[in-house]
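Participant: Here's a structure for you.
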Amino acid sequence: MRVNNGLTPQELEAYGISDVHDIVYNPSYDLLYQEELDPSLTGYERGVLTNLGAVAVDTGIFTGRSPKDKYIVRDDTTRDTFWWADKGKGKNDNKPLSPETWQHLKGLVTKQLSGKRLFVVDAFCGANPDTRLSVRFITEVAWQAHFVKNMFIRPSDEELAGFKPDFIVMNGAKCTNPQWKEQGLNSENFVAFNLTERMQLIGGTWYGGEMKKGMFSMMNYLLPLKGIASMHCSANVSEKGDVAVFFGLSGTGKTTLSTDPKRRLIGDDEHGWDDDGVFNFEGGCYAKTIKLSKEAEPEIYNAIRRDALLENVTVREDGTIDFDDGSKTENTRVSYPIYHIDNIVKPVSKAGHATKVIFLTADAFGVLPPVSRLTADQTQYHFLSGFTAKLAGTERGITEPTPTFSACFGAAFLSLHPTQYAEVLVKRMQAAGAQAYLVNTGWNGTGKRISIKDTRAIIDAILNGSLDNAETFTLPMFNLAIPTELPGVDTKILDPRNTYASPEQWQEKAETLAKLFIDNFDKYTDTPAGAALVAAGPKL
């Protein structure tokens, strides 16, 4: 029996795991590298060495999260606070689980982990010591331990000596639930949370992102109840200390626009905002790698080296990687510690209060302006709407826009009613004197996408304050304040109506989009806070 750093089998017995052969506690990167490449490993446990020095793994049939298999125990702790899938008008993934079924699932996972050699990783979620979660991850798979070591904040030796976990994640990816039908569940796989026991259970899915986004969902529950904003956004800071946060759904430019040589990165995906300022939840990045090239995204490409962990990429016989191959999944990924990126905030991923809050949308309808300045109520309205749209081809070759509305630009990870996140964000913004902007990185009446050059000039104008002093006019129907001119931006594109052959053409498309906004927002009118915000949206 080898016990590391005082972690005893008795401590694991408290979680229901018995007869542990060996505990590999907070393994070093070098040890994980050896473990992942152990030639005796088979199946999804096995890692493959690539020519870039990073290990690649296969996550099996699950190459993304499994939202239909997500459950939260409904008990006295959560009954009146959680945003439940079976209550109210809004649709979400927070399906209730009975305490009895939870005990059954816990028994399956603890049985799977008992009698095994286990990897235990203690890490922090949240860069602020006052509000961070101390999380203990328990798994029998070396690369899953590597994933959480990359993605969460790695404690110092001193912090580890006094580490007391306040959340436990037990990953039993190899076990499934044969009684799922009788229990009324979605499938034999499960990702379940218990806020009373402060525990997450994983069964059947090997996808690493379940641990990352699982803890994000928990921060999204715990922090807003303390008045702290919990945000699905990227964040950066200027040399002078001016902080900006960028909200946006996939494909809107969140990573591209927050990666700015003039500014340092705080983080790329999950942040909190408390009395001290904006802080990263994570200690790493989880970047998409499909069609990755050294020329287009040198920072991410250069981060793929020893200690990075690739998922579901195609590795050729000679160890080279085919980043263009999406045959396994389009959601190929790499996790790496944040210090693999050069231009970051050090030593801790946090900064002061944000003064600029940017909502990115890619409007394929061609209606919204490239930039507008939002009022406090409009800020809440557009935050709750979380709008973007893609162009999807139809069989006749016509490209029709497909709208997406995702509350708070991250509906899949919300644990409370969306209006609670909007209220906390606006309070934080008001206290900091922050201003919000809606930036359309999508299309206009010409049918072309707004150029990255123009969008970068708009972001620069927001960040250097010139947009705050610009004269504005109001776009009808959406009541958005648009600047009359901005340095470095073609004035003609600022008013979307100018990009159409006639104002009537814009009007027609605007009515279509306004109706979509109004219909979507109806789900928030079941609370007084939501109903009061209808006036801040479009009017037909």
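The chain as shown is numbered from 1 upward.
Including glycine, each Cβ sits where the backbone N, Cα and C put it.
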Participant: Look at the Mn(2+) binding annotation in Swiss-Prot, where K213, H232 are given, and name the residue from D268, D269, D274, D275 listed for that site too.
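Facilitator: Of the residues offered, the record points to D269.
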Participant: If you measure C-alpha to C-alpha, which of K213, D269, R333 (binding-site residues) come within 10 angstroms of K254 (ATP binding site)?
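Facilitator: Candidates kept after distance check: D269.
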Participant: Can you tell which of K87, K213, H232, K523 has the least company, meaning the fewest other C-beta atoms within 10 angstroms of its C-beta, among these recorded positions?
Facilitator: K87
Participant: Please give the maximum pairwise Cα distance, in Å and rounded to a whole number, for the substrate-binding set R65, Y207, K213, R333.
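Facilitator: Spelled out: the longest distance between any two Cα atoms in R65, Y207, K213, R333 is 14 Å.
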Participant: Which has the fewest other Cβ atoms within 10 Å: S250, T252, T256, the binding-site residues listed?
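Facilitator: Across S250, T252, T256, these binding-site residues, the one with fewest Cβ atoms within 10 Å is S250.
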Participant: Restricting to the same chain and to sequence separations of six or more, state which residues have a Cβ under 8 Å from that of I450 (ATP binding site).
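Facilitator: Those within reach of I450 (ATP binding site), by Cβ under 8 Å and sequence separation of 6 or more, are P370, N440, T441, G442, W443, N444, I493.
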Participant: Give the number of CB atoms, excluding that of Y207 (substrate binding site) itself, located within 10 Å of its CB.
Facilitator: 25
